[in-house]
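Per Swiss-Prot, the feature domain 'ABC transporter 1' maps to 6-244; the stated evidence is sequence analysis. According to Swiss-Prot, the ATP binding site annotation covers GLY38, GLU39, ASN40, GLY41, ALA42, GLY43, LYS44, SER45. What Swiss-Prot records for 261-506 is domain 'ABC transporter 2'.
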Amino acid sequence: MSEYLLEMRNIGKEFNGVKALDGIYLKVRAGECVGLCGENGAGKSTLMKVLSGVYPHGTWTGEIFWEGKELKASGIRDTEAAGIVIIHQELMMVPHLSVAENIFLGCEPTTGGFIDYDQMNARAAELLARLKINDINVALPVYHYSGGKQQLIEIAKAINKNAKLLILDEPTSALTASETRVLIDLIKDFKKQGMACVYISHKLDEVAEISDTVTVIRDGAHIATRPMSELTTPDIITMMVGREMKNLFPREPHDIGEVMFEARNISCWDVTNPGRKVVDDVSFALRRGEILGIAGLVGAGRTELVSSLFGVWPGACQGQVFLEGKEIKIRTPRDAVRQGICMVPEDRKRDGILPIMPVGHNMTISVLDRFSLRGLIDKDAELVAIQREILRLKVKTADPMLAIASLSGGNQQKAVLSKMMLPDPKVLILDEPTRGVDVGAKYEIYKLIFALARQGVSILMVSSEMPEVLGISDRVLVIGEGKLRGDFPNENLTQEKVLAAAIGKPATNAA
(Lines of atoms letter the chains of each structure in order from A and count residues from 1; the text may use other names and numbers.)
(Lines give C-alpha, C1' and ligand atoms only; values in the text may rest on other atoms or scores of the structure.)
Protein backbone atom coordinates (compact mmCIF):
# COMPACT_ATOMS: atom_id res chain seq x y z
CA MET A 1 0.00 0.00 0.00
CA SER A 2 1.31 3.45 -0.93
CA GLU A 3 2.31 5.87 1.82
CA TYR A 4 0.20 8.51 0.07
CA LEU A 5 -3.53 8.66 -0.52
CA LEU A 6 -2.89 10.91 -3.54
CA GLU A 7 0.13 11.43 -5.76
CA MET A 8 0.16 13.82 -8.71
CA ARG A 9 3.34 13.35 -10.71
CA ASN A 10 4.82 15.72 -13.29
CA ILE A 11 1.45 17.25 -14.23
CA GLY A 12 1.43 19.48 -17.31
CA LYS A 13 -1.41 21.36 -19.00
CA GLU A 14 -1.42 23.68 -22.01
CA PHE A 15 -3.96 26.11 -23.42
CA ASN A 16 -3.38 27.14 -27.04
CA GLY A 17 0.31 26.35 -26.73
CA VAL A 18 0.72 28.29 -23.48
CA LYS A 19 1.86 26.18 -20.50
CA ALA A 20 -0.46 26.65 -17.54
CA LEU A 21 1.13 23.77 -15.58
CA ASP A 22 4.65 22.50 -16.07
CA GLY A 23 5.86 19.53 -14.03
CA ILE A 24 3.73 19.88 -10.88
CA TYR A 25 4.00 17.36 -8.03
CA LEU A 26 1.48 17.09 -5.20
CA LYS A 27 1.32 14.40 -2.49
CA VAL A 28 -1.30 14.01 0.25
CA ARG A 29 -1.50 11.43 3.04
CA ALA A 30 -4.72 10.26 4.70
CA GLY A 31 -5.57 12.59 7.59
CA GLU A 32 -3.24 15.29 6.26
CA CYS A 33 -4.06 18.83 5.18
CA VAL A 34 -1.87 20.25 2.42
CA GLY A 35 -1.94 24.01 1.92
CA LEU A 36 -1.66 24.87 -1.78
CA CYS A 37 -0.26 28.38 -2.15
CA GLY A 38 0.50 30.59 -5.11
CA GLU A 39 -0.39 33.94 -6.62
CA ASN A 40 -3.50 34.43 -8.74
CA GLY A 41 -2.73 32.83 -12.09
CA ALA A 42 -0.06 30.53 -10.63
CA GLY A 43 -2.03 27.45 -11.70
CA LYS A 44 -3.73 26.34 -8.46
CA SER A 45 -7.25 26.18 -9.88
CA THR A 46 -6.03 24.52 -13.09
CA LEU A 47 -4.24 21.85 -11.03
CA MET A 48 -7.38 21.19 -8.98
CA LYS A 49 -9.48 20.93 -12.15
CA VAL A 50 -7.06 18.27 -13.36
CA LEU A 51 -7.36 16.42 -10.05
CA SER A 52 -11.16 16.69 -9.79
CA GLY A 53 -11.82 15.52 -13.35
CA VAL A 54 -13.00 18.83 -14.80
CA TYR A 55 -10.12 18.31 -17.25
CA PRO A 56 -10.39 14.58 -18.09
CA HIS A 57 -7.49 12.19 -18.48
CA GLY A 58 -5.84 12.71 -21.86
CA THR A 59 -6.19 16.50 -21.87
CA TRP A 60 -3.11 16.87 -19.64
CA THR A 61 0.22 15.13 -19.19
CA GLY A 62 1.62 13.30 -16.17
CA GLU A 63 0.15 10.73 -13.80
CA ILE A 64 -2.30 10.67 -10.90
CA PHE A 65 -2.18 7.84 -8.38
CA TRP A 66 -5.07 7.35 -5.96
CA GLU A 67 -4.75 4.84 -3.14
CA GLY A 68 -1.74 3.37 -4.93
CA LYS A 69 -3.44 2.86 -8.31
CA GLU A 70 -3.30 5.09 -11.38
CA LEU A 71 -6.46 7.18 -11.76
CA LYS A 72 -7.65 7.94 -15.28
CA ALA A 73 -10.82 9.93 -14.67
CA SER A 74 -13.01 10.85 -17.61
CA GLY A 75 -14.98 13.37 -15.59
CA ILE A 76 -16.15 14.58 -12.19
CA ARG A 77 -18.36 11.53 -11.65
CA ASP A 78 -15.29 9.28 -11.71
CA THR A 79 -13.33 11.35 -9.18
CA GLU A 80 -16.32 11.75 -6.85
CA ALA A 81 -16.95 8.00 -7.02
CA ALA A 82 -13.32 7.52 -5.95
CA GLY A 83 -13.79 9.93 -3.02
CA ILE A 84 -12.25 13.15 -4.38
CA VAL A 85 -14.64 16.09 -3.93
CA ILE A 86 -13.97 19.76 -4.68
CA ILE A 87 -15.79 22.72 -3.13
CA HIS A 88 -15.34 25.70 -5.42
CA GLN A 89 -14.89 29.31 -4.34
CA GLU A 90 -18.16 30.12 -6.12
CA LEU A 91 -20.63 27.90 -4.26
CA MET A 92 -22.62 25.46 -6.39
CA MET A 93 -25.89 25.85 -4.52
CA VAL A 94 -29.34 25.95 -6.14
CA PRO A 95 -30.78 28.78 -4.02
CA HIS A 96 -34.50 27.96 -4.31
CA LEU A 97 -34.09 24.27 -3.53
CA SER A 98 -34.12 23.18 0.10
CA VAL A 99 -30.98 22.38 2.07
CA ALA A 100 -31.79 18.66 1.88
CA GLU A 101 -32.44 18.83 -1.88
CA ASN A 102 -29.06 20.51 -2.40
CA ILE A 103 -27.24 17.93 -0.28
CA PHE A 104 -28.81 15.02 -2.20
CA LEU A 105 -28.87 16.66 -5.64
CA GLY A 106 -28.25 13.93 -8.21
CA CYS A 107 -28.51 11.11 -5.65
CA GLU A 108 -31.99 11.59 -4.22
CA PRO A 109 -33.41 8.67 -2.19
CA THR A 110 -36.47 7.16 -3.85
CA THR A 111 -39.36 4.91 -2.91
CA GLY A 112 -41.42 3.30 -5.66
CA GLY A 113 -39.71 5.42 -8.30
CA PHE A 114 -40.52 8.73 -6.57
CA ILE A 115 -38.28 10.97 -4.47
CA ASP A 116 -38.79 10.16 -0.80
CA TYR A 117 -38.68 13.64 0.75
CA ASP A 118 -39.24 12.41 4.31
CA GLN A 119 -36.27 10.06 4.05
CA MET A 120 -34.17 12.77 2.35
CA ASN A 121 -34.92 15.35 5.05
CA ALA A 122 -34.25 12.85 7.84
CA ARG A 123 -30.93 11.76 6.33
CA ALA A 124 -29.87 15.37 5.70
CA ALA A 125 -30.69 16.35 9.30
CA GLU A 126 -28.79 13.31 10.58
CA LEU A 127 -25.78 14.22 8.43
CA LEU A 128 -25.71 17.83 9.69
CA ALA A 129 -26.05 16.63 13.29
CA ARG A 130 -23.08 14.30 12.75
CA LEU A 131 -21.10 17.34 11.60
CA LYS A 132 -22.25 19.25 14.73
CA ILE A 133 -24.22 21.71 12.58
CA ASN A 134 -27.39 22.20 14.58
CA ASP A 135 -28.75 25.57 13.44
CA ILE A 136 -29.78 24.73 9.87
CA ASN A 137 -33.34 23.68 8.95
CA VAL A 138 -32.98 21.18 6.09
CA ALA A 139 -36.48 21.96 4.77
CA LEU A 140 -35.79 25.66 4.16
CA PRO A 141 -34.51 26.98 0.81
CA VAL A 142 -30.75 27.54 0.77
CA TYR A 143 -31.12 31.27 0.04
CA HIS A 144 -32.30 31.73 3.64
CA TYR A 145 -28.75 31.12 4.85
CA SER A 146 -25.57 33.19 4.85
CA GLY A 147 -22.51 32.39 2.76
CA GLY A 148 -20.91 30.74 5.79
CA LYS A 149 -23.87 28.43 6.37
CA GLN A 150 -24.00 27.61 2.65
CA GLN A 151 -20.31 26.68 2.82
CA LEU A 152 -21.14 24.20 5.60
CA ILE A 153 -24.00 22.80 3.49
CA GLU A 154 -21.52 22.28 0.62
CA ILE A 155 -19.26 20.35 2.99
CA ALA A 156 -22.21 18.20 4.13
CA LYS A 157 -22.92 17.52 0.46
CA ALA A 158 -19.30 16.41 0.00
CA ILE A 159 -19.44 14.14 3.06
CA ASN A 160 -22.64 12.62 1.67
CA LYS A 161 -20.57 11.61 -1.37
CA ASN A 162 -18.21 9.70 0.96
CA ALA A 163 -15.31 12.08 0.39
CA LYS A 164 -11.86 10.83 1.35
CA LEU A 165 -10.10 13.94 -0.01
CA LEU A 166 -11.75 17.34 0.27
CA ILE A 167 -10.47 20.17 -1.93
CA LEU A 168 -11.39 23.61 -0.56
CA ASP A 169 -10.79 26.55 -2.92
CA GLU A 170 -10.78 29.89 -1.04
CA PRO A 171 -13.46 28.62 1.37
CA THR A 172 -13.46 31.65 3.70
CA SER A 173 -13.21 34.53 1.21
CA ALA A 174 -16.78 35.70 1.95
CA LEU A 175 -17.15 34.41 5.53
CA THR A 176 -17.26 36.29 8.81
CA ALA A 177 -14.64 35.61 11.48
CA SER A 178 -17.04 33.39 13.47
CA GLU A 179 -18.08 31.43 10.36
CA THR A 180 -14.41 30.96 9.47
CA ARG A 181 -13.71 29.58 12.94
CA VAL A 182 -16.55 27.03 12.61
CA LEU A 183 -15.19 25.89 9.24
CA ILE A 184 -11.59 25.55 10.43
CA ASP A 185 -12.66 23.57 13.50
CA LEU A 186 -14.70 21.27 11.25
CA ILE A 187 -11.69 20.62 9.00
CA LYS A 188 -9.58 19.79 12.06
CA ASP A 189 -12.20 17.23 13.10
CA PHE A 190 -12.13 15.70 9.61
CA LYS A 191 -8.36 15.30 9.83
CA LYS A 192 -8.71 13.39 13.11
CA GLN A 193 -11.15 11.04 11.36
CA GLY A 194 -8.60 10.33 8.60
CA MET A 195 -9.96 12.56 5.86
CA ALA A 196 -7.38 14.37 3.72
CA CYS A 197 -7.69 17.98 2.61
CA VAL A 198 -6.15 20.31 0.04
CA TYR A 199 -6.66 23.86 1.30
CA ILE A 200 -6.28 26.75 -1.14
CA SER A 201 -6.32 30.21 0.43
CA HIS A 202 -4.68 33.62 0.20
CA LYS A 203 -5.24 33.93 3.96
CA LEU A 204 -1.90 32.54 5.04
CA ASP A 205 -2.77 32.61 8.74
CA GLU A 206 -5.45 30.01 8.00
CA VAL A 207 -3.02 27.95 5.92
CA ALA A 208 -0.53 28.03 8.80
CA GLU A 209 -3.15 26.96 11.34
CA ILE A 210 -4.56 23.88 9.62
CA SER A 211 -1.89 22.70 7.14
CA ASP A 212 0.61 19.95 7.91
CA THR A 213 2.46 20.50 4.63
CA VAL A 214 2.60 23.42 2.20
CA THR A 215 3.12 23.16 -1.56
CA VAL A 216 3.92 26.40 -3.40
CA ILE A 217 3.54 26.85 -7.15
CA ARG A 218 4.52 29.88 -9.21
CA ASP A 219 3.83 30.53 -12.91
CA GLY A 220 2.64 26.94 -13.34
CA ALA A 221 5.80 25.40 -11.87
CA HIS A 222 6.40 23.51 -8.62
CA ILE A 223 8.53 25.68 -6.31
CA ALA A 224 8.61 23.78 -3.02
CA THR A 225 6.86 21.30 -0.72
CA ARG A 226 7.79 21.65 2.94
CA PRO A 227 6.36 20.87 6.39
CA MET A 228 4.46 23.85 7.78
CA SER A 229 6.46 23.50 10.99
CA GLU A 230 9.58 24.60 9.07
CA LEU A 231 7.95 27.67 7.50
CA THR A 232 6.88 31.17 8.46
CA THR A 233 4.35 33.32 6.63
CA PRO A 234 7.14 35.50 5.12
CA ASP A 235 8.80 32.29 3.84
CA ILE A 236 5.62 31.33 2.00
CA ILE A 237 5.19 34.83 0.56
CA THR A 238 8.79 34.86 -0.70
CA MET A 239 8.28 31.51 -2.45
CA MET A 240 4.95 32.67 -3.92
CA VAL A 241 6.18 35.94 -5.41
CA GLY A 242 9.83 35.04 -6.04
CA ARG A 243 11.15 37.95 -4.01
CA GLU A 244 11.26 39.11 -0.42
CA MET A 245 8.45 41.49 0.57
CA LYS A 246 9.49 43.34 3.71
CA ASN A 247 6.53 45.71 3.74
CA LEU A 248 3.16 44.65 2.35
CA PHE A 249 1.83 48.22 2.59
CA PRO A 250 4.10 50.43 0.45
CA ARG A 251 3.07 53.74 2.02
CA GLU A 252 4.17 56.74 0.01
CA PRO A 253 3.89 60.41 1.00
CA HIS A 254 0.99 62.24 -0.63
CA ASP A 255 -0.51 65.68 -0.10
CA ILE A 256 -3.97 65.96 1.41
CA GLY A 257 -5.82 69.05 0.28
CA GLU A 258 -9.18 70.73 0.68
CA VAL A 259 -12.49 68.92 1.15
CA MET A 260 -13.40 67.24 -2.15
CA PHE A 261 -16.47 65.22 -1.19
CA GLU A 262 -18.98 65.49 1.63
CA ALA A 263 -21.88 63.29 2.69
CA ARG A 264 -24.45 64.77 5.07
CA ASN A 265 -27.07 62.88 7.08
CA ILE A 266 -27.12 59.82 4.83
CA SER A 267 -29.79 57.26 5.75
CA CYS A 268 -30.78 54.11 3.86
CA TRP A 269 -33.57 51.60 4.47
CA ASP A 270 -33.55 47.83 4.15
CA VAL A 271 -34.96 46.57 0.83
CA THR A 272 -36.79 43.59 2.36
CA ASN A 273 -37.80 45.40 5.57
CA PRO A 274 -38.51 49.04 4.62
CA GLY A 275 -39.04 50.04 8.24
CA ARG A 276 -35.45 49.19 9.23
CA LYS A 277 -32.58 51.61 8.68
CA VAL A 278 -29.34 50.00 7.46
CA VAL A 279 -27.55 53.39 7.39
CA ASP A 280 -28.57 55.87 10.06
CA ASP A 281 -27.75 59.58 9.68
CA VAL A 282 -24.08 59.23 8.67
CA SER A 283 -22.04 62.33 7.80
CA PHE A 284 -18.38 62.65 6.81
CA ALA A 285 -15.99 64.64 4.62
CA LEU A 286 -13.27 63.35 2.29
CA ARG A 287 -10.33 65.53 1.26
CA ARG A 288 -8.44 65.71 -2.03
CA GLY A 289 -5.73 63.02 -2.11
CA GLU A 290 -6.94 61.43 1.12
CA ILE A 291 -7.36 57.67 1.65
CA LEU A 292 -10.33 57.27 3.98
CA GLY A 293 -10.86 53.73 5.27
CA ILE A 294 -14.25 52.48 6.44
CA ALA A 295 -14.09 49.73 9.06
CA GLY A 296 -16.76 47.81 10.92
CA LEU A 297 -18.18 44.36 11.50
CA VAL A 298 -19.90 42.44 8.70
CA GLY A 299 -23.48 43.72 8.39
CA ALA A 300 -22.64 47.11 9.92
CA GLY A 301 -23.91 49.04 6.89
CA ARG A 302 -20.61 49.90 5.18
CA THR A 303 -21.51 48.50 1.75
CA GLU A 304 -25.00 50.00 1.95
CA LEU A 305 -23.47 53.42 2.68
CA VAL A 306 -21.05 53.45 -0.25
CA SER A 307 -23.64 51.86 -2.57
CA SER A 308 -26.01 54.74 -1.84
CA LEU A 309 -23.27 57.26 -2.65
CA PHE A 310 -22.79 55.60 -6.05
CA GLY A 311 -26.50 55.34 -6.81
CA VAL A 312 -26.79 51.55 -6.68
CA TRP A 313 -28.53 50.92 -3.34
CA PRO A 314 -31.96 49.54 -4.38
CA GLY A 315 -33.77 50.70 -1.24
CA ALA A 316 -34.88 54.15 -0.16
CA CYS A 317 -32.18 56.69 0.77
CA GLN A 318 -32.04 60.27 1.95
CA GLY A 319 -29.35 62.85 2.66
CA GLN A 320 -27.13 65.28 0.77
CA VAL A 321 -23.93 64.77 -1.22
CA PHE A 322 -21.51 67.59 -2.09
CA LEU A 323 -18.63 67.51 -4.58
CA GLU A 324 -16.14 70.41 -4.56
CA GLY A 325 -18.58 72.41 -2.43
CA LYS A 326 -21.62 72.00 -4.70
CA GLU A 327 -24.57 69.75 -3.96
CA ILE A 328 -25.04 66.98 -6.53
CA LYS A 329 -27.85 64.49 -7.12
CA ILE A 330 -26.88 60.85 -7.71
CA ARG A 331 -29.73 58.52 -8.66
CA THR A 332 -27.82 56.06 -10.84
CA PRO A 333 -24.20 54.96 -11.39
CA ARG A 334 -24.27 56.92 -14.65
CA ASP A 335 -24.97 60.09 -12.66
CA ALA A 336 -22.07 59.29 -10.32
CA VAL A 337 -19.54 58.60 -13.10
CA ARG A 338 -20.54 61.79 -14.94
CA GLN A 339 -19.91 63.76 -11.75
CA GLY A 340 -16.49 62.12 -11.31
CA ILE A 341 -17.36 59.45 -8.73
CA CYS A 342 -16.47 55.84 -9.58
CA MET A 343 -16.80 52.61 -7.60
CA VAL A 344 -15.22 49.15 -7.55
CA PRO A 345 -17.97 46.90 -6.11
CA GLU A 346 -17.69 44.32 -3.35
CA ASP A 347 -18.87 41.37 -5.46
CA ARG A 348 -16.64 41.29 -8.53
CA LYS A 349 -18.38 38.32 -10.18
CA ARG A 350 -21.90 39.69 -9.75
CA ASP A 351 -21.42 43.44 -10.17
CA GLY A 352 -17.93 44.09 -11.54
CA ILE A 353 -17.44 42.11 -14.74
CA LEU A 354 -19.28 40.92 -17.83
CA PRO A 355 -17.86 37.37 -17.70
CA ILE A 356 -18.25 36.29 -21.33
CA MET A 357 -16.98 39.59 -22.75
CA PRO A 358 -13.28 40.11 -23.51
CA VAL A 359 -10.86 41.45 -20.92
CA GLY A 360 -10.30 44.60 -22.96
CA HIS A 361 -13.97 45.43 -23.42
CA ASN A 362 -14.52 45.02 -19.67
CA MET A 363 -11.90 47.72 -19.17
CA THR A 364 -13.15 50.24 -21.72
CA ILE A 365 -16.90 49.82 -21.33
CA SER A 366 -17.01 52.80 -18.94
CA VAL A 367 -15.49 55.17 -21.54
CA LEU A 368 -16.71 53.85 -24.90
CA ASP A 369 -17.78 57.36 -25.88
CA ARG A 370 -14.06 58.26 -26.12
CA PHE A 371 -13.62 55.78 -28.95
CA SER A 372 -16.94 56.40 -30.69
CA LEU A 373 -17.59 58.56 -33.72
CA ARG A 374 -21.12 58.76 -35.16
CA GLY A 375 -22.05 55.58 -33.33
CA LEU A 376 -19.06 53.55 -34.52
CA ILE A 377 -16.21 52.44 -32.25
CA ASP A 378 -12.63 53.11 -33.33
CA LYS A 379 -11.24 49.63 -32.59
CA ASP A 380 -7.62 50.69 -33.09
CA ALA A 381 -7.86 53.55 -30.59
CA GLU A 382 -9.65 51.28 -28.12
CA LEU A 383 -6.96 48.60 -28.46
CA VAL A 384 -4.20 51.15 -27.77
CA ALA A 385 -5.98 52.14 -24.53
CA ILE A 386 -6.50 48.49 -23.56
CA GLN A 387 -2.84 47.61 -24.09
CA ARG A 388 -1.77 50.66 -22.08
CA GLU A 389 -4.01 49.61 -19.18
CA ILE A 390 -2.78 46.01 -19.29
CA LEU A 391 0.80 47.24 -18.97
CA ARG A 392 -0.02 49.83 -16.31
CA LEU A 393 -1.89 47.40 -14.06
CA LYS A 394 0.23 44.33 -14.95
CA VAL A 395 -2.82 42.30 -16.00
CA LYS A 396 -1.74 38.78 -16.93
CA THR A 397 -3.62 37.69 -20.05
CA ALA A 398 -2.46 35.89 -23.19
CA ASP A 399 -4.85 37.98 -25.29
CA PRO A 400 -7.00 41.02 -24.38
CA MET A 401 -9.79 39.49 -26.45
CA LEU A 402 -10.06 36.43 -24.18
CA ALA A 403 -13.19 36.25 -22.01
CA ILE A 404 -12.46 37.88 -18.66
CA ALA A 405 -13.92 34.81 -16.90
CA SER A 406 -10.80 32.90 -18.02
CA LEU A 407 -8.54 35.12 -15.88
CA SER A 408 -7.60 34.57 -12.25
CA GLY A 409 -9.44 36.57 -9.58
CA GLY A 410 -6.56 38.99 -9.09
CA ASN A 411 -6.34 39.82 -12.78
CA GLN A 412 -10.11 40.21 -13.02
CA GLN A 413 -9.91 42.68 -10.12
CA LYS A 414 -7.21 44.68 -11.90
CA ALA A 415 -9.47 44.89 -14.97
CA VAL A 416 -12.34 46.17 -12.79
CA LEU A 417 -10.00 48.78 -11.29
CA SER A 418 -8.97 49.83 -14.79
CA LYS A 419 -12.62 50.23 -15.82
CA MET A 420 -13.21 52.59 -12.90
CA MET A 421 -9.92 54.48 -13.35
CA LEU A 422 -10.32 55.20 -17.07
CA PRO A 423 -13.04 57.85 -16.46
CA ASP A 424 -10.41 59.83 -14.44
CA PRO A 425 -12.45 60.00 -11.23
CA LYS A 426 -12.19 62.71 -8.62
CA VAL A 427 -13.48 60.25 -6.00
CA LEU A 428 -12.85 56.50 -6.18
CA ILE A 429 -14.89 54.19 -3.92
CA LEU A 430 -13.30 50.78 -3.29
CA ASP A 431 -15.48 48.14 -1.62
CA GLU A 432 -13.29 45.19 -0.50
CA PRO A 433 -10.69 45.93 -3.23
CA THR A 434 -8.46 42.92 -2.46
CA ARG A 435 -11.04 40.23 -1.63
CA GLY A 436 -9.95 36.89 -3.11
CA VAL A 437 -6.66 38.40 -4.31
CA ASP A 438 -3.21 36.96 -3.61
CA VAL A 439 -0.49 38.76 -1.69
CA GLY A 440 1.45 39.84 -4.79
CA ALA A 441 -1.62 41.32 -6.48
CA LYS A 442 -2.58 43.00 -3.19
CA TYR A 443 0.79 44.73 -3.09
CA GLU A 444 0.29 46.01 -6.66
CA ILE A 445 -3.22 47.25 -5.84
CA TYR A 446 -1.93 49.07 -2.77
CA LYS A 447 0.77 50.76 -4.86
CA LEU A 448 -1.91 51.80 -7.32
CA ILE A 449 -4.07 53.29 -4.54
CA PHE A 450 -1.14 55.36 -3.25
CA ALA A 451 -0.31 56.49 -6.81
CA LEU A 452 -3.90 57.68 -7.30
CA ALA A 453 -3.80 59.55 -3.98
CA ARG A 454 -0.58 61.30 -5.08
CA GLN A 455 -2.41 62.41 -8.22
CA GLY A 456 -5.10 64.02 -6.05
CA VAL A 457 -7.79 61.35 -6.33
CA SER A 458 -9.84 61.01 -3.13
CA ILE A 459 -10.15 57.36 -2.06
CA LEU A 460 -12.99 55.92 0.03
CA MET A 461 -12.17 52.30 0.91
CA VAL A 462 -14.28 49.66 2.67
CA SER A 463 -12.34 46.63 3.92
CA SER A 464 -12.99 43.78 6.33
CA GLU A 465 -9.25 43.21 6.70
CA MET A 466 -8.15 45.35 9.63
CA PRO A 467 -4.41 45.27 8.76
CA GLU A 468 -5.36 46.59 5.31
CA VAL A 469 -7.45 49.44 6.73
CA LEU A 470 -4.68 50.46 9.13
CA GLY A 471 -1.93 49.82 6.58
CA ILE A 472 -3.04 52.25 3.89
CA SER A 473 -5.64 54.69 5.30
CA ASP A 474 -4.91 58.28 6.30
CA ARG A 475 -8.08 58.33 8.38
CA VAL A 476 -10.55 55.64 9.47
CA LEU A 477 -14.33 55.83 9.85
CA VAL A 478 -15.93 53.12 11.99
CA ILE A 479 -19.51 52.06 11.23
CA GLY A 480 -21.61 49.99 13.64
CA GLU A 481 -25.29 49.08 13.26
CA GLY A 482 -25.60 51.67 10.51
CA LYS A 483 -24.27 54.53 12.65
CA LEU A 484 -20.96 56.39 12.62
CA ARG A 485 -19.15 55.08 15.71
CA GLY A 486 -15.81 56.78 15.23
CA ASP A 487 -13.68 59.02 12.99
CA PHE A 488 -9.99 58.52 13.74
CA PRO A 489 -6.77 59.88 12.24
CA ASN A 490 -4.51 56.93 11.50
CA GLU A 491 -1.78 57.87 13.94
CA ASN A 492 -0.98 55.12 16.45
CA LEU A 493 -4.45 53.73 15.75
CA THR A 494 -4.85 50.11 16.86
CA GLN A 495 -7.13 47.25 15.85
CA GLU A 496 -8.40 47.14 19.44
CA LYS A 497 -9.52 50.78 19.31
CA VAL A 498 -11.31 50.28 15.99
CA LEU A 499 -13.06 47.10 17.17
CA ALA A 500 -14.09 48.74 20.44
CA ALA A 501 -15.79 51.50 18.45
CA ALA A 502 -17.37 48.98 16.06
CA ILE A 503 -19.10 47.06 18.84
CA GLY A 504 -20.71 50.14 20.30
CA LYS A 505 -18.48 52.25 22.49
CA PRO A 506 -19.24 56.00 22.22
CA ALA A 507 -18.21 57.57 18.92
CA THR A 508 -15.00 59.56 18.94
CA ASN A 509 -14.47 62.27 16.38
CA ALA A 510 -10.80 63.06 16.23
CA ALA A 511 -10.40 64.07 12.62
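For all residues, glycine too, the Cβ spot is worked out from N, Cα and C.
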Rounded mean pLDDT for the residues that make up the domain 'ABC transporter 2' (261-506): 92
Residues within 8 Å of the GLY38, GLU39, ASN40, GLY41, ALA42, GLY43, LYS44, SER45 Cβ centre (excluding the ATP site residues themselves): THR46, ILE217, SER408, ASP438
Neighbour tally for GLY38 (ATP binding site), based on other Cβ positions within 10 Å of its Cβ: 28
Three-state secondary structure, GLY43 (ATP binding site) (per DSSP): coil
